[in-house]
Amino acid sequence: MDAALRDICQLSDPCDPRSFEPPIKDFFCIYPMYRSRYEAKAIQGSNEFLDGWNKAIEKDGLRNDGRPFLGCNTIYGNYVAWAYPECLPERAAHVAAYCDWGFFWDDATDAMSMEKNHEATKDLILTIMSTVGIGQKHEPLLAVNKLVVPFVLNKLAGTDGDLGLNHMKAWKAHLDGQARSSHANMSWEELKQHRLVEGGPEWAIRLGAWGAGIRCTAEEIESVREIIDIGGIAGVLANDYYSFNKEFDEHSRAGTIERMQNGVALLMREYGYSEEEAREILKKEINKMEQQFMDMYLTWLNGPVQKSRGLIQYLTMVLCLYSGTMFWMAHGARYHRTDLITTAEDRATIIGKCQGDAFRVMEGYPPPKGLKRTASSPESAPKRRASKANNINQSNGRGGDPMVAFSGPFVKAPSHICDAPYEYIDSLQSKNMRDKFINILNSWLNVPSDSLQIIKNIVQMLHNSSLMLDDIEDASPLRRGQPATHIFYGASQTINSANFSYVKTVIEATHLKNPQCLQIFLEEVSDLHRGQSLDLHWRHHGRCPTTDEYIMMVDNKTGGLFRLMARLMEAESPSPITTPHLSRLLTLIGRYYQIRDDYMNLTSADYTTKKGYCEDLDEGKFSLPLIHLLLHTSCPDRITSALYNRVPSTGLQDEVKTYILDAMQSARTFEYVREVLSHLHGEIMKTLDEAEKTLGINNGVRMLLVGLGL
């Protein structure tokens with residue numbers, strides 16, 4: 001490995017992390033490490049940024065306890081020199097300042113109440129997305145958020161601006177992950193995947209690519225995603241290991257212990273381990289994944305598959321990032337503060353504060369030494385449930401009379417069997433965009449909380465029910481990366497459960513205060529079914545719709561839920577506001593969501609993971625890309641023959657899908673769809689501007705809609 005690294009690392013030199021004095025007490029990383037020759041530039045960048053930060057934090061009043069903010073600079077040098085050793089000399093100071101801003105911002109917001117944290121995050125995301133995403137200046141409310149604007153405008157969006165934009169997208173995803181994070185009742189395996197998203201390694205990787213000027217295609221990066229993610233999980237768990245004491249202290253001061261996002265805390269809370277035991281488990285897990293990363297890196301590097309110089313630089317940069325970050329965390333004052341007010345005894349109070357009735361069991365490790373109650377085996381509970389479910393009750397009637405059952409009174413059947421398919425799809429991980437949209441619309445409409453919850457219930461049940469039916473109608477095997485509901489429960493039971501959920505939504509609608517709500521509900525649900533009927537009709541008969549017909553279908557099918565939520569909210573609002581701009585805004589949003597979904601289904605690796613490879617083609621769905629292709633290819637009959645002259649319920653061969661994708665490239669279909677999305681996004685933002693003139697400024701709506709364009 002040394003020879004390979006020396007060939008790639010031209011601006012740095014090998015460095016033995018165990019040669020520093022005084023020696024680091026708790027360092028267990030097994031990665032090789034490199035150190036930049038331009039460390040002085042990074043140190044200077046950090047020093048200059050700290051002055052500006054302290055002034056901003058004082059202006060915002062975010063910390064008044066006198067404790068210093070600690071970041072890149074340490075007794076041994078600067079974080080950037082070890083984590084980004086190949087950073088270009090002219091960018092080292094900028095990267096150091098930006099890293100410090102991220103570290104300090106994280107500390108400042110951790111100490112906030114949940115409400116203030118959400119407001120600060122919203123302010124930051126809107127600033128970043130407006131500045132980089134659509135080129136509109138948004139004046140941040142917080143001085144600490146204003147500090148990032150010059151860097152974003154002059155650096156990330158300047159030279160290598162596309163690399164900078166990639167970084168900002170990753171940073172937004174990191175913030176989104178933290179905003180919806182909750183480790184309550186989560187298993188160890190679930191935590192690892194969750195921390196990979198919320199822990200932010202991707203934004204740090206993209207920053208490294210900008211700092212070093214490394215260029216790779218999205219396809220190249222996806223080809224090494226598995227390697228990156230293994231090391232990424234090890235990295236975020238190492239962060240949890242070294243930052244546990246500090247995080248606990250900050251959350252304790254803020255009264256937000258339940259929001260603590262940390263692997264040590266989870267092992268103590270959900271598995272019953274002591275802090276010492278939890279730390280030992282983390283060490284072993286981290287070293288195991290570090291070794292996996294290095295083995296996979298070397299196998300990939302020496303493998304026969306051709307790879308670009310840029311991709312080799314990219315993955316090597318990731319290795320250096322993981323290595324240098326571990327070294328920095330092991331000794332940096334940011335992670336080893338001496339001004340904590342909480343103790344080991346305080347931290348021990350979270351042991352056993354699990355959500356379930358019993359501790360979880362950590363596979364491959366002995367139970368906690370101090371275990372006082374019986375841990376639940378992951379295998380035992382399902383067996384008990386299965387035994388009860390499969391048992392045949394031989395009792396007929398009462399008192400042994402076999403005829404009593406036939407003449408007895410009506411007994412209502414239990415609902416748990418009917419509910420089970422719905423509960424399954426409701427349990428699958430979702431972005432909850434509809435709930436978010438309802439919440440931010442409510443800044444305008446001020447719907448009472450009880451009515452708002454009913455509307456959320458209606459929209460959630462309708463959405464999930466439609467997904468259950470869609471997956472049957474489309475013969476889709478996957479939903480959100482998991483088996484579709486009908487795979488487990490069968491088509492008949494899934495349809496019955498979806499219909500039962502529709503009945504529940506009607507009941508919910510009758511609980512709303514305004515009698516108009518039931519009529520609104522019936523109108524919009526009728527439109528939803530009309531829109532779906534068009535989609536199914538075209539597919540069944542193999543008839544390609546016009547663009548106008550496609551938009552009509554989308555407005556009724558996808559736009560229906562947006563209109564439903566808004567109309568119900570307007571009806572329940574104590575001060576209803578009627579404006580054509582809001583109605584148009586929701587219509588445009590529905591179109592954008594559907595067309596983007598059409599596009600991503602054919603182009604996104606993430607969609608392939610969650611739904612399957614180009615699943616819309618398997619369905620024979622007349623998406624906007626397919627409509628455009630059939631209108632602009634010289635051989636449309638080849639496409640329609642492959643799509644509609646095949647055995648029902650059989651998918652297309654991958655070779656046929658590849659042919660269709662190549663045909664779309666030749667017809668410039670994807671370029672056309674991107675132009676449509678760009679046009680729609682511009683119209684959405686213009687319509688929002690008009691709506692805000694009547695309804696008032698709504699930064700929540702603006703943040704969500706700006707994010708659509710990234």
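Even glycines carry a Cβ here, placed using N, Cα and C.
As written in Swiss-Prot, here are the features:
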- 1-338: region 'Terpene cyclase' (REGION)
- Asp106, Asn239, Ser243, Phe244, Asn245, Lys246, Glu247, Arg334, Tyr335: substrate binding site (BINDING)
- Asp106: Mg(2+) 1 binding site (BINDING)
- Asp106: Mg(2+) 2 binding site (BINDING)
- 106-110: motif 'DDXXD 1' (MOTIF)
- 239-247: motif 'NSE/DTE' (MOTIF)
- 339-710: region 'Prenyltransferase' (REGION)
- 367-401: region 'Disordered' (REGION)
- Lys431, Arg434, His463, Arg480: isopentenyl diphosphate binding site (BINDING)
- Asp470, Asp474: Mg(2+) 4 binding site (BINDING)
- Asp470, Asp474: Mg(2+) 3 binding site (BINDING)
- 470-474: motif 'DDXXD 2' (MOTIF)
- Arg479, Lys557, Thr558, Gln594, Asn601, Lys611, Lys621: dimethylallyl diphosphate binding site (BINDING)
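The distance from the Cα of Lys621 (dimethylallyl diphosphate binding site) to the Cα of His463 (isopentenyl diphosphate binding site) comes to 19 Å. When the motif 'NSE/DTE' (239-247) is classified with DSSP, helix, strand and coil residues number 9 helix, 0 strand, 0 coil.
Residue counts of the motif 'DDXXD 1' (106-110) by helix, strand and coil are 5 helix, 0 strand, 0 coil (DSSP-based). Of all Cβ atoms in the protein chains displayed, 21 besides its own lie within 10 Å of the Cβ of Gln594 (dimethylallyl diphosphate binding site).
The separation of Ser243 (substrate binding site) from Lys611 (dimethylallyl diphosphate binding site), Cα to Cα, is 37 Å. Candidate binding-site residues: His463, Arg480, Asn601. Nearest to Glu247 (substrate binding site) by Cα distance: Arg480. Predicted-model confidence for the region 'Terpene cyclase' (1-338) is 85, expressed as mean pLDDT.
Overall, the recorded dimethylallyl diphosphate-binding residues Arg479, Lys557, Thr558, Gln594, Asn601, Lys611, Lys621 cover a maximum inter-Cα distance of 20 Å.
Here the candidates are the binding-site residues Asp106, Asp470, Lys557, Thr558, Gln594, and by Cα distance the one nearest Arg434 (isopentenyl diphosphate binding site) turns out to be Thr558.
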